[in-house]
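Taking it in order: structure first as structure tokens, then the write-up.
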Amino acid sequence: MERNPLQRQVAYMRRSLFDQGYLDEQFVQLEDLQDDANPNFVEEIVTLFYTDSARLIHNIEQALESRPLDFIRLDDYMHQFKGSSSSIGAKKVKNECTQFREHCSARSAEGCVRTFQQVKQEHTILRRKLETYFQLARQAGLAN
Amino acid sequence: MGMATEAQFHVLAVDDSIIDRKLIEKLLKTSSYQVTAVDSGSKALEFLGLQEAEQRNLSPPSLCPSQEMEVNLIITDYCMPGMTGYDLLRKIKESTSLKDIPVVIMSSENIPSRINRCLEEGAEDFFLKPVQLSDVNKLRPHLLKGKAREEEEEEEEEEEEEEEEEEEEEEEEEEEEEEEEEEEEEEEEEEELSSNKRKNVEESLSHDRTRARFNGLEVV
């Protein structure tokens, strides 16, 4: 089967997302679930993740503003965030969530604030990469 | 009997995370299960209670017929606000009508004491999240066990009925036999009375050796 240049680009991009540690094996599980009945399953669940995590980010930001910090509540939000990240294979985001939770356990306000910035950063980077990836994949599919 | 030609197993999935609900739903559908996904333990009980009430009342089809509502397995997240998966598991096992439905717990945290507690409470299995297709493939034996138990109970009932019928037949036969035997005995008695004594003694000796041994005539 001959791949057109776009398809090669898509494959390359996909490969690097894994190699650079943005995605893990769970993403492959999602790809395997995609079928004729649900041809856009991966993109749908990723979109759902970004909608849902926007809500969590907002909640965490608010919680980080209250004094004293409610570490239990923060940890609870982050537990949810980490769970969803894990479910879509968002490896770096998941790891940052783990860091955050460690600071919650240590009751370190500074640690929480700092790592939360990292969580948001990875979250945004991945969203942009995946948006590009899905767009490219669609173009490559159409170009057939 | 009115059943669908291809009986599908119906799984009730319980998870407060919308992403995980979408995932588990897809995993189950890919494995050809019928799925109902709810976001809390209380909604799960509501759904199960609704199904329970229907089966009792055989209510008119304002909702789906009770056949479609039957739940063959419950898969639930452990960490949920309000009612945890463990709380839900307990409530199900405490219910006379629901306790035989197999329950599987999912959790993102690998905590052995948690896992053991759930298994002790009657959970069939415990999956670590993110749940994968290989995990869902492990559900089939639990589902078949539940189905087998149901069918066993039905079979047992049928067998009991059959046995009762057989017993009745046997009793009738026995009565007939007894009547026949009584008739025969009467005939024999008449014969004996009319035959000579020697024949009698011989018969009794050959038929009843133990008695013969104790009458002192035996030579050791």
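Count begins at 1; order follows the chain as displayed.
Cβ coordinates come from backbone N, Cα and C, glycine included.
As annotated by TrEMBL, compositional bias 'Acidic residues' applies to B:151-193. Marked as compositional bias 'Basic and acidic residues' by TrEMBL: B:199-211. Residues annotated as domain 'Response regulatory' in TrEMBL: B:10-144. Annotated 4-aspartylphosphate per TrEMBL: B:Asp77, in sequence order. Taken from TrEMBL, the feature region 'Disordered' applies to B:144-220.
A sphere of 10 angstroms centred on the C-beta of B:Asp77 (4-aspartylphosphate) encloses 27 other C-beta atoms.
Under the DSSP three-state reduction, B:Asp77 (4-aspartylphosphate) is assigned to strand.
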